[in-house]
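Positions annotated as active site, nucleophile by TrEMBL: B:THR189. Residues or ranges marked as substrate binding site by TrEMBL: B:THR152, B:LYS178, B:THR189, B:GLU276, B:ASN400, B:SER405.
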Protein chains: 2
Amino acid sequence: MAVNLSVPARDALRAVPGVTLEVAEAGIKKPGRKDLLVITLDKGNTVAGVFTQNRFCAAPVVVSKAHLDAGVQVRALVVNTGNANAGTGEQGRANALAVCAALAEELGCAREQVLPFSTGVILEPLPVERLIAGLPTRRAADWLDAANAIMTTDTQPKAASRTLQLGGREVVMTGIAKGAGMIHPNMATMLGFVATDATVTRPVLQQLVREVADVSFNCISVDGDTSTNDSFILISTGQDADALIDSAEHPDYAPLKAALTDLSIELAQAIVRDGEGATKFMTVTVEGGRTQDECKAVGYAIARSPLVKTAFFASDPNLGRLLAAIGYAGIHDLDVERIELYLDEVLVAADGGRHPGYQEADGQRVMAKPEITVRVRLNRGAVQATVWSCDFSYDYVRINADYRS
Amino acid sequence: MAVNLSVPARDALRAVPGVTLEVAEAGIKKPGRKDLLVITLDKGNTVAGVFTQNRFCAAPVVVSKAHLDAGVQVRALVVNTGNANAGTGEQGRANALAVCAALAEELGCAREQVLPFSTGVILEPLPVERLIAGLPTRRAADWLDAANAIMTTDTQPKAASRTLQLGGREVVMTGIAKGAGMIHPNMATMLGFVATDATVTRPVLQQLVREVADVSFNCISVDGDTSTNDSFILISTGQDADALIDSAEHPDYAPLKAALTDLSIELAQAIVRDGEGATKFMTVTVEGGRTQDECKAVGYAIARSPLVKTAFFASDPNLGRLLAAIGYAGIHDLDVERIELYLDEVLVAADGGRHPGYQEADGQRVMAKPEITVRVRLNRGAVQATVWSCDFSYDYVRINADYRS
């Protein structure tokens, strides 16, 4: 069902020196599938992350944040699918720590040097014994295997690579991500991991991960539900200490950020393309706003509206629903007479009503496409923002009415 | 599909002295159905209303607000279904005024003494000629006919009556409302009209309509989409000048407000029970909050969540989705360890996780019911709020993918 999304070619995904990937079948939710990923990092790395703003954040989010805040060097990340270890209270945190401790003992490092991540069903105890028992059974894997091992309701693995010339050296960056429901990130997506062998200090990496998330994973919505487990992690393997990027003013910062942003947007869009039940991919661009926040508010009002999403599913240019969403986005002094609404290149509405030149057939032609751009010109400022979303189909209901069974 | 909602008995709907109802077939969207309602009021009445906060509010909302603000006595309300006259710009306002003028000429009153209301498709020109041509064809009707004449995707008409002894006299109140999609009122529902022969001054009636709306129509959500046309109108026919309620301290104010609130909650709940595709009716009560706003924010986060709504459709106690919604409701200092979550009388979660006594079979038993209460105890204050909502079904998608055709 995914919209214009194909499985990444295995050989297009570049290995990142300093990163070792392994997967296992731990039987967390059901037997016979890869559900455990371990990412081990060589010495010299730095790691930074952004996490969900959901107050019911999962135990692994609490533990990963604490371990990152401890300032010790990260040795490994351990990721399970099949159970989110969220809404699990004190026992959930103890379980997440037990997983870290088991892996740390094997690797000969401190528990704080392991970051745990989980995705899956909420409010059910983590089967921690199965997870720990699965750790020693893991086998060498590549990035495509890793992307497969973190899927839940995703229909396809999501991974991408970029390369970049920095200071005469080729820098590699590769990342993976997973959706496919409870996607309305308020920090990062459900799970995203990007590694690069560019060498970046921890404070600069933290700035980088936030700036990249704000224009990639923080710009998507599948169903408006902000997850308990959202985590987006950026890894610098630090294999080239001579090319250290130690400030945002460093000449390599901007090109590195541009390439990481490009990669992260591809992964974030892949989550939307593979959104639960998605048949359409919508780009909502809001221009001429006064602030980034108001542009995003209008974009998300459109991206979240069940009425807009069902109209896109039906390929029905019932475009009044777009105006209604713009109108309730919360801009109290919005002058609706100044707004222009485009569907791809077709001007639909202006001067507070339907544009005289608009023909239903033109709207119909655009709505029939699998990828559609909604462009809203607010004409009250110079700021713009883009969010990506998908439609709302029978299959969204089916998937979420069936998900636990 | 409506949940525990039956067509009101015609003889249970009490006529309100001073109110004349008439309906017509104007052929606004398609021929052969009653789509035009005229409510004519005898002299002595007062009318007050609350309207949508959507910035793209419809032309009839703009005109009705202006006419109410003019302070002249209302002579008639004219309501059409089949076209919302929203997103129609300057021409839309001219069309709404033309309808008022046509009716005013017939009634021998000023244009400002007529209030227009519309519901239906957005962004399409109002067929004003057909509407005006339909006016003289109207026939006498009762409240059930009136409720039928304002339906769009509603499957059943919504109407109710109450009586009350005030100062030795029986006071009557009867109201009608319509849903059934684009329901997330921020002032009032799509359309609601309640008339009483209690005699209330205009400023007191305005206070009354706001207070009643805040605990009835402003507490429901079908799909989270705030309409362009929401209007809730309260009519006092003023037939008994000796019993004038001229302040909120008047001894009759509180009992009248209680009866009107009771009536309005029934109508608001009827909209949810008949929500597009609804198979379940959910009451979400949030207790122990610090403010009304935070209780409503938590209630609406649950009521709007597509993941919660599809789980209710499936009768699946996938209750982690409820915790996730509570967590992203926007209370930044929420201590999730203090929250208790009940499904009917079953304690599901406490201390940040699943309650040790919770059995899946108990959750399953409650979820199988057509009416379910979700109770969230925040344990941080003394305020509570209740919102009502319905589930998200295949039929919601079907109805909204088909609505225009």
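From the backbone N, Cα and C atoms, a Cβ is placed for every residue, glycine too.
Caution: TrEMBL annotation is automatic and unverified by curators.
Proximity to chain A (CB-CB distance below 8 Å) holds for B:ASN400 among the binding-site residues B:THR152, B:LYS178, B:GLU276, B:ASN400.
All protein chains shown were included, and the count of other CB atoms within 10 Å of the CB of B:THR152 (substrate binding site) stands at 22.
The secondary structure of B:LYS178 (substrate binding site), as reduced to three states from DSSP, is extended strand. Around the Cβ of B:ASN400 (substrate binding site), the number of neighbouring Cβ atoms within 10 Å comes to 28. Following the DSSP three-state reduction, the secondary structure of B:THR152 (substrate binding site) is coil.
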